[in-house]
Amino acid sequence: MDSSTWSPPATATAEPLQAYERIRNAADISVIVIYFVVVMAVGLWAMFSTNRGTVGGFFLAGRSMVWWPIGASLFASNIGSGHFVGLAGTGAAAGIATGGFEWNALILVVLLGWVFVPIYIKAGVVTMPEYLRKRFGGQRIQVYLSVLSLVLYIFTKISADIFSGAIFINLALGLDLYLAIFILLAITALYTITGGLAAVIYTDTLQTVIMLLGSFILTGFAFHEVGGYSAFVTKYMNAIPTVTSYGNTTVKKECYTPRADSFHIFRDPLKGDLPWPGLIFGLTIISLWYWCTDQVIVQRCLSAKNMSHVKAGCIMCGYMKLLPMFLMVMPGMISRILFTEKVACTVPSECEKYCGTKVGCTNIAYPTLVVELMPNGLRGLMLSVMLASLMSSLTSIFNSASTLFTMDIYTKIRKKASEKELMIAGRLFMLVLIGVSIAWVPIVQSAQSGQLFDYIQSITSYLGPPIAAVFLLAIFCKRVNEPGAFWGLIIGFLIGVSRMITEFAYGTGSCMEPSNCPTIICGVHYLYFAIILFVITIIVILAISLFTKPIADVHLYRLCWSLRNSKEERIDLDAEDEDIQDAREDALEIDTEASEEKKGCLRQAYDMFCGLDQQKGPKMTKEEEAAMKLKMTDTSEKRLWRMVVNINGIILLAVAVFCHAYFA
């Protein structure tokens, strides 16, 4: 059927105000209000029922989490509004291949639970840079990696999530983009700054349920509207806009026609927009950084009761990662069928009219579907879903970023900072992070032909591979030492950042107006660039390590895969830093004893709300401290549960292979 019957003039020329009017009904507003009340209630319950008055309680939820909130939180931390907007947008523009990004994670979560987390737990660490400090000694890698991780959070995660959430609110409520951002962040910051990791994980679990429920309903509506799966395939290939020329310029056919390989995940290695070797190897490298070495993800696993709960949480997350292809990518493609003129626009003036940016409007595919297709009440639910995904991602990132700053950077500046000072510093840092992220939003708006998901993946391809290389070699190659790891990170970063800056300087261009960036720099697909950068970093690390002094095994017990089960006592390379930490804790005790004066009611309420009332239990003896440390670094599992999670892990890998093969 010709696509023109699927783009009614009324919707094609709809202004945001009409969409805004649609939300103005009792059912939608009630659902949104109820949603916010429930989320705040869960956040407040977690806030008052968990220990947030210590660094371990605020940042690691006291290592008491069971598998299902961990699985839900892993999924919710990963799936932000950037996925709803970005995956659906790239799906509308180029077909199902972008779903391969999600399915790749099925393999990586197994690696995370079975290989990486056991090492991190045995090392007894809270942050990823802290692991590298124990593994290599010295402080420069730890500080460098903390700063780089924070830069990545700002450039990719926070900016993209804020931008995509604001697109949705702008379309649905008619609010100014930056006012929408401000309101969102105010609510998000409130319970992250006050609540700590337990509040984040419990609200994530609630929001995962809402997110899946809402997107299942929308997918059902979308497929019903388009006439089922086979009609969807036919109609998508015919979803071509009618306006394809302006002035004396006619748009090239490939700019507005759906790709011939739209329904294949694996695409041509040279001409494909997502070449299959890049999707298999390049994406796995980026995913290794994201899933196995990134603070946001690993922190959830480190909060688990024991290893079986870690693995079960990873499996649960893996199964849920099957869904975005059907709940986000395909609805985005259906949005192109139903609202072709708007979503598939190619003429710059038309695009600017519909979504305020000249490079393309595919980013509004999912929000448009929600606003135009859903009945009253359900539309409010879907707006709540978008807010849920945005806020769950932001809360996760804010909590993890403040952990990195507090534990890895602030403690270097203020070596004798009290626990209370660390808690306040972490919370204040979140406010700085928010400000910088908002300033970056306009750049996100115009990058990668207006395709948000491509922007996120390209930035991680330029900055992530060196980190992945260092962690991989740190765990599997005990010969690697500090000079090798440090210079590998620095050289890898310089190569990646030079590509990133060049691309931003020239602009990524669009199908209509290609970028003038030199082919030798920007002509290499970002997934291929990730492979090249990863290999160069590994060569540099190994070469420098082999020419410099190795680290003795006594410093590496339980920090490398080959020495993971050793029972000998490890002499940490950062033992001096540990002494400073102990001295700080002793000073803290003296400090708290000295300041036991009676506080007023207002001060007590303030401390309780912000989690600054350190719950003081009886002081532990040295033997009790040693037993506690043993519990925190224990990776043992009951035989039955180990078998159950192992069998499920194998099934998950088989499902991943089947999905890739079926849609190849």
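For all residues, glycine too, the Cβ spot is worked out from N, Cα and C.
Candidates considered were C351, C355; Swiss-Prot assigns the disulfide partner of C345 as C351. Per Swiss-Prot, the cysteine from C317, C361 that shares a disulfide bond with C355 is C361.
Swiss-Prot assigns V66 and C522 to opposite sides of the membrane.
For C522, the partner cysteine in a disulfide bond according to Swiss-Prot, taken from C511, C517, is C517. C511 (disulfide bond) sits 12 Å from C345 (disulfide bond), taking the CA atoms of both as reference points. A contact between the transmembrane segment (310-331) and the transmembrane segment (452-477) is absent, since fewer than 3 of their C-beta pairs, 6 or more residues apart, lie under 8 Å. Of the listed disulfide-bonded residues, namely C255, C361, the sparsest CB environment within 10 A is found at C255. Of the disulfide-bonded residues C345, C351, C517, C345 has the largest number of other Cβ atoms within 10 Å of its own Cβ. Counting Cβ pairs closer than 8 Å and at least 6 residues apart in sequence, the transmembrane segment (67-90) and the transmembrane segment (276-295) reach fewer than three and form no contact.
For C522 (disulfide bond), other Cβ atoms within 10 Å of its Cβ number 20.
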